[in-house]
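> Copied straight from TrEMBL:
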| type | residues | note |
| --- | --- | --- |
| ACT_SITE | Glu78 | active site |
| ACT_SITE | Cys141 | active site |
| ACT_SITE | His160 | active site |
Amino acid sequence: MNLLVTAFEPFGGQKINPSQQILESLPSTIAGANIHTVVVPTVFATAGPAVVQAAQRESADAVVCLGQAGGRPQVCPERVAINVADAPIADNAGDTPSDRPIVADGPAAYFSTLPIKAMVAAMREAGVPAEVSNTAGTFVCNHLMYWVLHHLDVPAGFIHVPYCLEQVVDVAQPAMSVADMTRGISAALEALVQGRQAPAQGAGALH
């Protein structure tokens, strides 16, 4: 089995992106699956095509995209990607789309085809705070998740991670060590490879 795991370069004035650091820390195999990695630009126009090309090159059986969600305290598999790009800040190419469809005449949304509840359970068992997220935002992370689900016919989805510790030295924001995030992502990938079943309980939100 071949898994493609992706990350983003730093954006929004940050010097590092924890998703990229996680990628550099992952083992080459997990539960017998080959782990292939690629870092893509935080750019609306190029991130999606870069991941699709990498998935085809590596004959990926599943695609797991990682990205930074500063301010979140947990590792969050995303449930859904919506067909809109609406940027609160410029991407790394200076693009600031407003209410722009990702795919003209495409579906309003795509649900993740990863076992997100099983992934959350596995991460929690590994001692890493995790929860299902019901919004991937409207920046490049959501754009990438939607693009991959639209263009690839393999299990795929997105996981947001918090800031790493180095990013919050002088700001009051939640953060997690790269080691803990890597342990959580490794557990999530193992759950995917092993076909772990989701626990029979709700994991939604009240609001």
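Using N, Cα and C of the backbone, Cβ positions are placed for all residues, glycine too.
Looking at the shown structure, what environment does each listed feature sit in?
Under 8 Å, Cβ to Cβ, and six or more positions away along its own chain, Glu78 (active site) finds Ser112, Ile116, Ser133, Asn134, Thr135, Ala136, Cys141, Asn142, Met145, Gly157, Phe158, Ile159, His160.
For the recorded site, Cys141 (active site), the DSSP three-state label reads helix. When other Cβ atoms within 10 Å of the Cβ of Cys141 (active site) are tallied across all protein chains shown, the result is 25.
His160 (active site) falls within a strand segment according to DSSP.
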> When DSSP states are folded down to helix, strand and coil, where does Glu78 (active site) land?
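Once the DSSP labels are grouped into three classes, Glu78 (active site) ends up as strand.
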> For His160 (active site), just count the other CB atoms lying within 10 A of its CB, please.
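The Cβ of His160 (active site) has 23 Cβ neighbours within 10 Å.
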